[in-house]
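Visitor: Here it is: the structure, laid out below.
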Amino acid sequence: MKQSRSLKASSLADSTPPTELRPVRVHAEHHVEAADVEPHCHADLGQLLATTHGVIRVTTEDNQWLVPPGRALLLPPGVVHAVHSPKESRLRAVLIAPQMCQDFLPACRIIALTTLLQELIDAVARCPSDYPVPSPASRMVAVLLDQIALAHSEPLGVPRPSDARLRRVTEALMASPADGRSLSEWQDVAGASSRTLARLFEVETGMSFSHYRRQVQMQAAVGMLASGLPVGEVAHTLGYSTASAFAFAFRKALGSPPSRFRDQVE
């Protein structure tokens, strides 16, 4: 199996940062093969991370996020994160001055990229770094920030607990989302009773065990659908008895049927 390249996150740090006067910078990256960007942070900058081709997985200390085309991850200033791209990917990184992050970027979240938002990102990327203020470019940046603040959030994150016993279970589920073991069957793996595990799931993830497992499955489903797999194959891979049962669960979690989601990201 071909290994992914290990990359340092130096390109953004070396470029001209946004300022209070010109609060946004847009950068493009193209990874021609699988790649891992080492853990890093933008200490004084917020970031919107989107992909126009391929799916990326972003891991923070307490969450794992999947970013397919048509979605973006918002990262507050100072959040350490690593990026994994399993195949070729084209990324857009929107760096945001900290003064503009206070109202709409208190925590990480996945947002839907509307056509307007995508067009604004592309247009701002073409602006010169020293555009006049005020100017059409500065007004376009203001509209971009407004649209980011108004963007709809989507549940494509999976919490990563800190308790070592619980993390044994959650990491196993992430590695094998189709694992259908009940909570009591995880006792020996975790080294804790099912009652303790149930309590830990609620306290550390804010979800029940069944809800957490479903969230892991939906994140895996998004990645498979974005790569072009048929709905029936995704359902089978995740252990659903029928494609319709999977479609019902997917629509309940994400608000649209899997076939429509796949069409949107292709």
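Yeah, the Cβs are placed from backbone N, Cα and C, and that goes for glycine too.
Residues annotated as compositional bias 'Polar residues' in TrEMBL: 1-18. Per TrEMBL, domain 'HTH araC/xylS-type' is recorded for 167-264. TrEMBL lists 1-22 with the feature region 'Disordered'.
Have a look at these and tell me how they're positioned relative to everything else.
Guide: According to DSSP, the domain 'HTH araC/xylS-type' (167-264) comprises 73 helix, 0 strand, 25 coil.
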Visitor: Averaging the per-residue pLDDT over the domain 'HTH araC/xylS-type' (167-264), what integer do you get?
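Guide: A mean pLDDT of 93 is what the model gives the domain 'HTH araC/xylS-type' (167-264).
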